[in-house]
Every structure is written in C-alpha cells, then in structure tokens.
Amino acid sequence: MKNKGIDQFRVIAAMMVVAIHCLPLHYLWPEGDILITLTIFRVAVPFFFMISGYYVFAELAVANSYPSRQRVFNFIKKQLKVYLLATLMFLPLALYSQTIGFDLPVGTLVQVLLVNGILYHLWYFPALITGSLLLTSLLIHVSFKKVFWLAAGLYLIGLGGDSWFGLIQQTPIEPFYTAVFHLLDGTRNGIFFTPLFLCLGVLVRKQSEKRSLSKTALFFLISLIGLLIESAYLHGFSIPKHDSMYLFLPVVLFFLFPLILRWHPHRTWKHPGQLSLWLYLLHPYTIAGTHFLSQKISILQNNLINYLVVLILTIGFICLFLRQKHSWFRHKQTTPVKRAVKEFSKTALLHNLQEIQRIISPKTKVMAVVKADAYGCGAKEVAPVLEQAGIDFFAVATIDEGIRLRKNAVKSPILVLGYTSPKRIKELRRYSLTQSIISEGHAVALSQRKVAIDCHLAIDTGMHRLGVTPTIDSILSIFDLPFLTISGVYSHLGSADRLNPDSMIRTQKQIACFDQILLELDQRQISYGITHLQSSYGILNYPDLNYDYVRPGILLTGSLSDTNEPTKQRVSLQPILTLKAQLITKRVVAKGEAIGYGQTAVANQETTVGVVSIGYCDGLPRSLSNQEFCLSYRGQSLPQIGLICMDMLLIDLSHCPTIPIESEIEILTDWSDTAEQVQTITNELICRIGPRVSARIK
C-alpha cells in the first residue's frame, strides 16, 4: 500500500534533517533559522515516526493478533539491524570527534547506545525502537484510545524537558526533570517523544477517509501559525534545553500527514525510501568533509552554500551507489536450476475462484481450504494470492499447518478443522488460530486450560467422524463453557459427491439436521457466529444452500476428485499445477538392451533414452511405469519407458533427440486423467507430491 506523496516527502523530510544540522540561514537571517529550520523543519522526524505508525502499528491498534504483532516485531528487528549498521559505520567519526572515547564510563556508554546514539543524528533509531517496544506492550494489553491519551500525557511531560524547559526552571517540578536528564539525558527519546507520533500515524490511518481536504488544509495553516508563535515566544523569552518538541507540533503533523497522503507529485525521485534513509544516515560524513575543506575554501563557511554542497554531494553519491547496486544485482540475478518443480498458475487459481463465486449465493463467501499444503499445490504460494483476491478466511487440517500460514504472513482468520491437543492451546492463542471443537470432551478439555481462544463448533450431522452430538442440550452446554468464544458453527457432508438416491437422502438428512440446530439456537437467541456446510462437491451438487461460507479445496486446484461422477452444477476449471523436471542426461541404447531396472522394457531398435530428474519419491506413482504414460516438451510427446525409479525416470527421445540437457520437461498437467489411470482420486495424486519438489509461481 505504497503512497507516492508519502514516499516523495520522505526525501524532503531527510533534507529538512540535513538543514537542521547545517543551519543554512544562520548568517543571512538568524531569526529565520529559528522559525524555519528549528521550528517548521522539526516536522521531519515526527513525520518518519508517523509513517511507522501508519503502516506498521495500525493493525495492532485494531486487533491483537499474531499477524499484527509479527509485523511490528519484524519492523523492530529491521530497525535494530539498521541501527547496528549505522553505529558501526559512524564509529570512526564518533571517535574522531570525541563524542565517545575508550575512557567513557560504562553507565554513560549504555546511555549513549540506548538513548542518544554515538553521533548526533543516530538518536532517532533508539528512540524509534524504544517507542515501538513501549507502544507494542501497551497495545497488547490496553485499548488504543487509552494508549493514545497516555502517549499524549508523556509528550506533555516531555515538553518540560525540551523546548519548554526554560519556563519550568526555578519551579517545584525542576528536580523531576533533573532526575530525567540524569537517567535519559533529555526527553527527546522513545518514552516521551516517539509514542505520540506513532499513535498519530495510527489515528490518521483510521480517519483518513473521513476528512475534508479544504478543512484539513485550513487547520494545518492555523496550527502552523500556532507553532511559529509558540517557537518565537519560547526562543524570545526563555532558553529551551532543546527545540525538538513543541506543543503545536503534534497538531501540525496531524493535519499535514493527510495532506501528504493526497499529494500526487508529477516529478519524483527514484527509490525515495532508500534515498531518504541513506541521506539521513550519510550526511554527517559529508558535513565533516565540508567542514574540513572550509578551512581552505572559504566560501564553504557560508552556511547556506555549505548546506547545498552537503545535499548535492550526499545525494549524488547515493544516486551513483544505488544505480551501481541495481545494475550489479541485474547482472547477478540468475534463475536457479531446479531438479523438479511444481509450477503454480496464479491466473488459473483466480479463474477457479471466480467460477466458484459465480455459482454460490451472492451473500455467501469463500473459506479457502488449503490443508495438506493446499492439496500439494503449495499453501505458501496459494494462500497469499487468494488473500489478495479478497478471501478473508482459510481452513487447514492441523495446528502446524495454521502456524506455517501465519509465519508466511497470512493475516485472515484461519480455522483448524482437525483435532488440536489442549496442551497446545497457548499456540492457538499466540498464532490467532480458530480451533474446531470436535467433541464434547474436546470442548471441556480446552476450557479447563483457562486460556481464551476462538472456536468453531463442529456438529456431527451424520458423517460420524468429527463433531458434537446434534442435540440442543449438548450444544448449549458447550456454549456455557468459559474461555471458549464460539464464532462459528459448521458440519461436513459425507455423501455430497454422489447424486444417487441413497447419497442424496443422506445429504438431505444432514442438511435438515444442521438447519434444525441453527433454528433452535436462533429461538434461544444464542449468537453462534458464521455458518458453513458445503465443501467442493457440496458447492457443485447443492449450490442453492445459503450459509455464510463455503469450503472449496480441490475445486480451487482446478480438478475434480472423480471426473466420472456427474455433478448438478457444471464449472469450467483450469488446473493450477504443472509438474516439471529436468532432462539431466541422454544416451543411445542398442537394440535388444534392457532399459532401467529389471527387463520390463527392452529396446526393439536403437533408442535415444533421456533421464528426467523426478521419481516415485517425489510423489509420481510407480504404477505409471510402462503404461503408455507420456511426458511432453514444447508440445512433443515423450513416452515414459522402463520402471520409474526413486529419483528418476526414463523417456524415449528417439523422435526428438536434440532436446538440450537441463531442458524442463512437463511431467503432469492433466491430473484427473492421470489419477484415473492409476485408479485413485485427484486429491491423493496431487497431495503425494514430495517436499523435494520446489514450488514456483507462473
């Protein structure tokens, strides 16, 4: 969710930071340096903080879920790495300028590293990291509204240790600030300064669509005037300890940020994020260089010229570096050769999703079942594509499958359809997984753990595999259990894939049982959340049912379990998976020679044999051996010969012996026909693909 205005203003904000460190108007107009450089340009660092709040903390402020927490923790890790890199980068300059030394007391060194940084501009990183940790710990336990007002209170306290310090001197509260200075060296840090602007970023994200542009611009101008008056007063009638924190500064940012969001600049910097970061990081080295040169080049003693030279040199160096970096990566990037791949078609997946949505009720949504690694197609690849396409609920078979999805940044709710031991209940909560209650005993055991979790209640309507007894008293007893929030009710149809009379009678009984339970819950005004009953064949054979969700699995892969079984609703499906492997060698075999293991295949003439790097260990059925099973290369059919080995198979290349080594050979594209050939269902064939087969998005 990049925003061009935000990205381009990053560079402007970095230039403002450079100006603060160069004081360009110092000799030409000292008062202007105070009002412009040390006042207006102070929006720069809070702007960077607000970006973090806007993009990183907005989700955590709404819901304390694993994806939102993980996003924040990953962000903090990244900032720690940048801070470590910057510290190492500026260690020579810090030692040279005597900002730090080898004789520095341990306590002071700790304060420098945790609060100020080893050079004057590096305070930003510990402030951001500390503020992020503080805000995260608060949001996990307290509502955003309370956190916001706490952050605002901390900022007001911080004013007294910054620009308002001159006014609180010789007052009863001065000893408090003396203690703060002793511990933290000031209030421009991650405790008093950063949290409010992170919260403001979140607040703008929540309210961005509600604001009138003209009113926002008007309030921005009014608050900016207030900021200038405040600064003029504080600098004119007191001596601020620092001038980073003003009373009107948060107000200015609150109205400025939405204006930047709606800004659409015509001329833009390339790679603005990297440019602004490196401009912020590197400019002190350029300042040190121009300061040294100013002893011989007197014009550099003019602060404005010095500022412009610092900008030009730093930006020029960064642009050259980035250009060279991207050029180097372009030359270095090569597609790694894989012995075997399952190529996943995003286009086919989205087509299948649209076909499903076409036949279900407009009010019914899709809960994508991605168990068994998305039926062997690769959940890591499939789930993000579906989520981006609007799928807002996923289902898996086990807790570990759910955890893997979470670690691959899937944000939507995830339902665990199978059994999870109550001993793992903390993992359910940690990863924000919704657990199926599969029996009365399971419900009681989960509740006894005294850990609040989200659940869906599975009802055994007649399949007799998983689910609670379909009686209202049994179900109500589960609703009464503490710590279990039941946000959904579902069941599973055992014979929906057949349209013979017995199967249809059984299915109608299950539907009637499920509907009766829902009716009785409604009559008792029990809130049971969402409902779902149909899986893939339930969708095709009973499309007129109206529940909140359907649960397609094999349908999304573009296949049917059994193509010989007719369905009430026809759909146009596209297989999303193509199995490919490399041609790794080829050789000429004389007439009469046995090929491969045993003597099941003997060359009846001189034959060019190719070896392909895939075997039954990778999930290819060995029963396909010598069964007229054909591979293909650019439309050319390549018959499989001999017994399929564990890691390889052999093909007849007599009609196309010039295929280059390391060419990709198509092994399987029509999964349904191949499943029929080996007398199994498509589900099993796809799920057999082994872990050695790499996944790739087409």
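Any Cβ shown, glycine's included, is placed from N, Cα and C.
A simple way to gauge crowding: the CB of LYS371 (active site, proton acceptor) has 19 other CB atoms within 10 angstroms, across all the protein chains here. The active site, proton acceptor feature in Swiss-Prot is assigned to LYS371 (among others); the stated evidence is sequence analysis.
When secondary structure is read from DSSP and collapsed to three states, TYR597 (active site, proton acceptor) falls in the coil class. According to Swiss-Prot, the active site, proton acceptor annotation covers TYR597 (among others).
For ARG465 (substrate binding site), other Cβ atoms within 10 Å of its Cβ number 10. What Swiss-Prot lists as substrate binding site is ARG465, MET646.
A mean pLDDT of 92 is what the model gives for the region 'Racemase' (332-698). Summarising the annotation, Swiss-Prot assigns region 'Racemase' to 332-698 and lists a curator's inference as the type of evidence.
Long-range contacts of the topological domain 'Cytoplasmic' (1-10) within the same chain: residues 47-48, 51, 54-55, 260-265, 268-269, 272-273, 275-276, each at least 6 residues beyond the stretch ends and with a Cβ under 8 Å from a Cβ of the stretch. For 1-10 (among others), the entry in Swiss-Prot reads topological domain 'Cytoplasmic', with the evidence type a curator's inference.
Counting residues 6+ beyond its ends, the topological domain 'Extracellular' (32-42) has Cβ neighbours under 8 Å at 16-17, 19-20, 23-26, 224, 227-228, 231-232, 235, 243-244, 246, 249 in the same chain. According to Swiss-Prot, the feature topological domain 'Extracellular' maps to 32-42 (among others).
Feature annotation from Swiss-Prot assigns topological domain 'Cytoplasmic' to 64-81 (among others). With a threshold of 8 Å between CB atoms, the same-chain residues lying at least 6 positions outside the topological domain 'Cytoplasmic' (64-81) that come near it are 52, 56-57, 125, 128-129, 132-133, 136, 139-140, 406-407, 409-411, 430-432.
Residues or ranges marked as topological domain 'Extracellular' in Swiss-Prot: 103-121 (among others). Listed by sequence, the residues of this chain that lie at least six past the ends of the topological domain 'Extracellular' (103-121) yet keep a Cβ under 8 A from its Cβ atoms are 17, 21, 83, 86-87, 90-91, 93-94, 97, 127, 130, 183-186, 189, 280-281, 283-284.
If one looks beyond the topological domain 'Cytoplasmic' (143-147) by at least 6 residues along the same chain, the residues whose Cβ comes under 8 Å of a Cβ in the stretch are 61-62, 135, 195, 199, 202. Feature annotation from Swiss-Prot assigns topological domain 'Cytoplasmic' to 143-147 (among others).
As annotated by Swiss-Prot, topological domain 'Extracellular' applies to 169-183 (among others), with the evidence given as a curator's inference.
Summarising the annotation, Swiss-Prot assigns topological domain 'Cytoplasmic' to 205-216 (among others) and lists a curator's inference as the type of evidence. Listed as Cβ neighbours of the topological domain 'Cytoplasmic' (205-216) (distance under 8 Å, sequence separation of 6 or more from its ends, same chain) are residues 53-54, 58, 61, 255, 258-259, 261-262.
Feature annotation from Swiss-Prot assigns topological domain 'Extracellular' to 238-244 (among others); the stated evidence is a curator's inference. DSSP places the residues of the topological domain 'Extracellular' (238-244) in helix, strand and coil in these numbers: 0 helix, 0 strand, 7 coil.
According to Swiss-Prot, the topological domain 'Cytoplasmic' annotation covers 266-274 (among others), on the basis of a curator's inference. With DSSP classes pooled into helix, strand and coil, the tally for the topological domain 'Cytoplasmic' (266-274) is 3 helix, 0 strand, 6 coil.
When Cβ-Cβ distances below 8 Å are used as the criterion, the topological domain 'Extracellular' (296-301) is approached by residues 290, 309 of the same chain, each at least six residues removed from its ends. Under the heading topological domain 'Extracellular', Swiss-Prot lists 296-301 (among others).
Marked as topological domain 'Cytoplasmic' by Swiss-Prot on the basis of a curator's inference: 323-698 (among others).
Per Swiss-Prot, transmembrane segment is recorded for 11-31 (among others), and the stated evidence type is sequence analysis. If you look at the transmembrane segment (11-31), the same-chain residues 6 or more away from its ends with a CB under 8 A from one of its CBs are 37-38, 41-45, 47-48, 120-121, 269, 272, 275-277, 279-280, 283-284, 287, 302-304, 306-308, 310-311, 314.
In this chain, the transmembrane segment (148-168) lies close to the transmembrane segment (217-237): three or more C-beta pairs between them fall below 8 angstroms, excluding pairs fewer than 6 positions apart. Here the topological domain 'Cytoplasmic' (266-274) has Cβ contacts under 8 Å with residues 4, 7-8, 10-11, 318-319, 322 of the same chain, all six or more residues outside its ends. Below 8 A, the CB atoms of the transmembrane segment (245-265) and the transmembrane segment (302-322) form no more than two pairs separated by six or more positions in the chain, fewer than 3 in all. Taking Cβ-Cβ distances under 8 Å and a sequence separation of 6 or more, the neighbours of TYR597 (active site, proton acceptor) in its chain are GLY642, LEU643, CYS645. Secondary structure at LYS371 (active site, proton acceptor), taken from DSSP and collapsed to helix, strand or coil, is helix. DSSP places the residues of the topological domain 'Extracellular' (169-183) in helix, strand and coil in these numbers: 10 helix, 0 strand, 5 coil.
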